[in-house]
Ligand SMILES: Nc1ccn([C@@H]2O[C@H](COP(=O)(O)OP(=O)(O)OP(=O)(O)O)[C@@H](O)[C@H]2O)c(=O)n1
Ligand SMILES: C[C@](O)(CO)[C@H](O)COP(=O)(O)O
């Protein structure tokens, strides 16, 4: 097997946005990153996997102000894992931008949703290696089903070609100056991932095929799927 180019140990700062409101997950305000998945909360699975990568150095979690008491309860685990906390922001991108302030000394940054607990170690290694070579890379998985678009003004729906369509995953990994430059140019126009911001700055972002087990806990049933995958030791 070809060996992947490996960046120097500890050269990648991992930033995990974890400051969301979990509106699609719970109407009662339960935050999905603290939902129990097997022996750990969701956020800890994501961090433990990143910590297993020799390339990962600093780990920064962007948190919601109202969640500080919950993070205080995780103090010992955060210390063991060498995690720094920073304040998140209104949008996911605001949270990532806050995390970047603590990552400036690292040559590379990996942005990974704290709500993606089951990212395979091999996928982390592959996307870091790709970004080490190209400067910008993200994990993505091919769209599997048939896509339909439904608009309020039309009855029924319209089929959208899935040709060349992939679903973006995380980590999304960049040379730090590439992502920082993209954020410096950001005028606040909404984006839903960091690769979109880098694309807008004119930098090509390489797509690395990733596993669909790297699902994002978004709705309650996603946690059930993740628990089944974990129980089957499929991840
Ligand atoms: N202002 C925000 C919004 C989102 N996130 C984080 O970005 C990741 C992906 O966001 P998403 O799945 O959309 O989480 P929520 O915004 O909490 O979901 P919802 O839209 O259902 O409220 C999550 O780990 C979330 O905590 C963040 O750090 N800061
Ligand atoms: C970053 C991401 O997980 C890639 O698919 C996704 O864009 C996050 O979107 P969300 O609406 O913040 O969950």
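Every residue, even glycine, has its Cβ placed from backbone N, Cα and C.
DSSP assigns residue 24 (site 'Transition state stabilizer') to coil in the three-state reduction, outside any helix or strand. Under the heading site 'Transition state stabilizer', TrEMBL lists 24 (among others).
According to TrEMBL, the feature site 'Transition state stabilizer' maps to 32 (among others). Counted within 10 Å of its Cβ, the other Cβ atoms near residue 32 (site 'Transition state stabilizer') come to 27, all protein chains included.
Non-local neighbourhood of residue 162 (site 'Positions MEP for the nucleophilic attack'): 143, 145, 146, 147, each in the same chain, at least six residues away, with C-beta under 8 Å from its C-beta. Positions annotated as site 'Positions MEP for the nucleophilic attack' by TrEMBL: 162 (among others).
Using a 10 Å Cβ-Cβ cutoff, residue 216 (site 'Positions MEP for the nucleophilic attack') registers 17 neighbours. Feature annotation from TrEMBL assigns site 'Positions MEP for the nucleophilic attack' to 216 (among others).
Taking a C-beta cut-off of under 8 angstroms and a sequence separation of 6 or more, residue 24 (site 'Transition state stabilizer') has the following same-chain neighbours: 218, 219. By the rule that a residue counts when its Cβ sits under 6 Å from some atom of ligand 2, the recorded sites 24, 32, 162, 216 yield 216. Straight-line distance linking the Cα atoms of residue 216 (site 'Positions MEP for the nucleophilic attack') and residue 32 (site 'Transition state stabilizer'), rounded to a whole number, equals 10 Å.
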